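What Swiss-Prot annotates here:
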ACT_SITE  SER169  active site
ACT_SITE  ASP276  active site
ACT_SITE  HIS306  active site
BINDING   GLY92, GLY93, SER169, ALA170  paraoxon binding site
Amino acid sequence: MSNDHLETTGSSDPNTNLLKYLPIVLNPDRTITRPIQIPSTAASPDPTSSSPVLTKDLALNPLHNTFVRLFLPRHALYNSAKLPLVVYFHGGGFILFSAASTIFHDFCCEMAVHAGVVIASVDYRLAPEHRLPAAYDDAMEALQWIKDSRDEWLTNFADFSNCFIMGESAGGNIAYHAGLRAAAVADELLPLKIKGLVLDEPGFGGSKRTGSELRLANDSRLPTFVLDLIWELSLPMGADRDHEYCNPTAESEPLYSFDKIRSLGWRVMVVGCHGDPMIDRQMELAERLEKKGVDVVAQFDVGGYHAVKLEDPEKAKQFFVILKKFVVDSCTTKL
């Protein structure tokens, strides 16, 4: 996407309009500056605190400055039964936020309590400094790290035989691609046994506009030019939006086949809303998975907007009910 495209939004300075949607400045060389410090929350592992969820950070790859933030519901300390494990990837268009960002920290705390799960939220490398597939590589490294971890929270309270890969927005894209990769090497991840994927408003795109993208081209949160820029900054240099990282339905078969997910018996939950410009692509992916024989649970709500659950507590609670049922049903399914 060119600077001229950005200027069509009504200003000679493309960043004037861009800052309305993303806290970044686009530099002439197509790098970005993040001028605003996004609120973050420190981990709190103290069991004597009043918090219903304990949290702590563990280094994943010091060379990449990546880490995993664990979320442990306090009630797990007093129960003998282990809880399902959710490996979570935050959103942010591949270019913003971290596992410590307050908006995702708070969401994971609520999810841990209401869904009754242990969460390992992965802090992955961001684009454009680290373009895709860097985040996918970090995701796989996290799964391997969890498999081999001797951390007492994971070994004592997380049920490795009931693991789920989940992500929101760009994180949903990461969860999808990490899931395809993990399915291809499932035996190597044992005793970590994945039961399903949770794709929460997963971020996908394509060169040809869908009906929802056209209908919501001037969306107040994710207008077309912002989505295009996110992909320009995140995809490998020279790739277009029909690259498999962006458009999972562009080719007849992905690099890592759906067939393995089906044969492993994994279930896939796809969640979205019709106020999201990417809803058509999310629905198309769910349909394609179903046609491949994958057990899909799809929930597409009327109205709403992208990332509504991060801002609306009632929407979040409704989602946690659906998520908990998906997790419980998946855990009782024999693979």
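The backbone N, Cα and C atoms fix where each Cβ goes, and this holds for glycine too.
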In which DSSP state, out of helix, strand and coil, do we find ALA170 (paraoxon binding site)? helix
8 Å Cβ shell about GLY92, GLY93, SER169, ALA170 centroid, paraoxon site members excluded: HIS90, GLY91, PHE94, ILE95, LEU96, PHE97, GLU168, GLY171, ASN173, GLY203, ILE230
Whole-number Å distance separating the Cα atoms of GLY92 (paraoxon binding site) and SER169 (active site) is 7
Return the member of SER169, ASP276, HIS306 nearest to GLY93 (paraoxon binding site) in space, with distance defined Cα to Cα and candidates limited to these active-site residues. SER169
What is the interatomic distance between the Cα atoms of ALA170 (paraoxon binding site) and HIS306 (active site), given in whole Å? 11
Largest CA-to-CA spread of paraoxon binders GLY92, GLY93, SER169, ALA170, angstrom: 7
Can you name the residues of this chain that are 6 or more positions from HIS306 (active site) yet have a C-beta less than 8 Å from its C-beta? SER169, GLU201, ASP219, ARG221, LEU222, CYS273, GLY275, ASP276, PRO277, MET278
Across all chains shown, how many C-beta atoms besides its own are within 10 angstroms of the C-beta of ASP276 (active site)? 25
